[in-house]
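Handing you this structure, nothing more for now.
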Amino acid sequence: MIKVAVTGAAGRMGSGIIRKITQQDDMEVVAAIEIPNSPLAGVDAGIQAGAGELGVKIVGAEKLEETLKESKADVLVDFTIAHAAVETVKKATACGVNVVVGTTGFTDEQMAENIKNVKDNDVKAVISSNMSIGVNVFFNTLKKLTPILNDFDIEIIEAHHNQKKDAPSGTAMTAFEVIANELDRDPEEVGVYGRQGMVGKRTKEEIGLHAIRGGDIVGDHTVMFIGDGERIEFTHRAHTREVFIAGVIRAIRYIPDAESGIVSSMNDVLGLE
């Protein structure tokens, strides 16, 4: 039985993950963590998530380390915000707890810190900007398509709900990095984030990224390969957060077989090249 701790336990993703874990035969929720000094502290995590009573009380993040030790968690799952997640990963790995992280918006420095903490504490980890199985097939297909369409102009468009805080999305940034890498282009030099005013003629090297926010859009990502007289639009649409949660469950199950001291990706989880 895999013992799982969930941060952001009262959020949309955290609650969904808790509900899904209660439906599995090989894992259980042993800890539920919310923001420091959360007003929900003491509330049963299962009741809060709509999964029925679990006997696991929500605690504030100020008690993270003692909670992980007392619960003997095998894996911590984090879907929160970047600056909080970095601290969570640091503390969890120091406690010898493996991590599955779907939080987005990490800076290069924050991601480097995550990688260092996983390595220094020799724990197992899966960190991905998008846990959806379909999106990771999307990334894998982009990797194969891009060299073939290397002479096309490339634009990335993403759309999310009006509560999303970071832009462009982590998924759009991953797609951008996959494309730039396949074309041997420096992301720092070729990324163009929206356009306004007299920006001049589009260069052949640039890759555009555009963010739309509105309503309850779960997550749409389109990569346009635009040539003279034709274009290819490659799109992934998430209709429900359940697609991300299904990927989280796969990632949790992968952890026991993962290599220690390195950060695995969803490619590793899914066995993609």
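First residue shown is number 1, and so on along the chain.
Heads up, the Cβ atoms here are built off N, Cα and C, so glycines get one too.
So Swiss-Prot says this about it:
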BINDING   G8, A9, A10, G11, R12, M13, E34, G102, T103, T104, S128, S129, N130, M131  NAD(+) binding site
ACT_SITE  H160  active site, proton donor/acceptor
BINDING   H161, G170, T171  (S)-2,3,4,5-tetrahydrodipicolinate binding site
ACT_SITE  K164  active site, proton donor
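Walk me through the surroundings of each of these features.
Long-range Cβ proximity for N130 (NAD(+) binding site), meaning a same-chain Cβ under 8 A and a gap of 6 or more residues, is found for G102, T104, N136, G170, T171, T174, G219, F244, G247, M266.
H160 (active site, proton donor/acceptor) falls within a strand segment according to DSSP. In sequence order, S169, A211, I212, R213, I217, V218, G219, D220 are the residues near H160 (active site, proton donor/acceptor), counting only same-chain partners six or more apart with C-beta under 8 A.
T171 ((S)-2,3,4,5-tetrahydrodipicolinate binding site) falls within a helix when secondary structure is assigned with DSSP.
For K164 (active site, proton donor), the Cβ neighbour count at a 10 Å cut-off comes to 16, with all displayed protein chains included.
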Express the distance between the Cα positions of H161 ((S)-2,3,4,5-tetrahydrodipicolinate binding site) and S128 (NAD(+) binding site) as a whole number of Å.
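Taking the Cα atoms only, H161 ((S)-2,3,4,5-tetrahydrodipicolinate binding site) lies 20 Å from S128 (NAD(+) binding site).
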In whole Å, how far is K164 (active site, proton donor) from S128 (NAD(+) binding site) when you measure between their Cα atoms?
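On Cα coordinates alone, these residues lie 17 Å apart.
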Taking the Cβ of G170 ((S)-2,3,4,5-tetrahydrodipicolinate binding site) as the centre, count every other Cβ atom within 10 Å, in any protein chain shown.
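Its Cβ has 18 other Cβ atoms within 10 Å.
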Please report the Cα separation of G8 (NAD(+) binding site) and K164 (active site, proton donor) in Å, rounded to an integer.
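About 15 Å separates the two Cα atoms.
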Determine which residues of this chain, when H161, G170, T171 are set aside, have a Cβ within 8 Å of the centroid of the (S)-2,3,4,5-tetrahydrodipicolinate site's Cβ atoms, and list them as they appear in the sequence.
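Apart from the listed residues, the neighbours are T104, S129, N130, E158, H160, K164, D166, S169, A172, G219, H221.
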Please state whether DSSP places N130 (NAD(+) binding site) in a helix, a strand or coil.
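Once the DSSP labels are grouped into three classes, N130 (NAD(+) binding site) ends up as coil.
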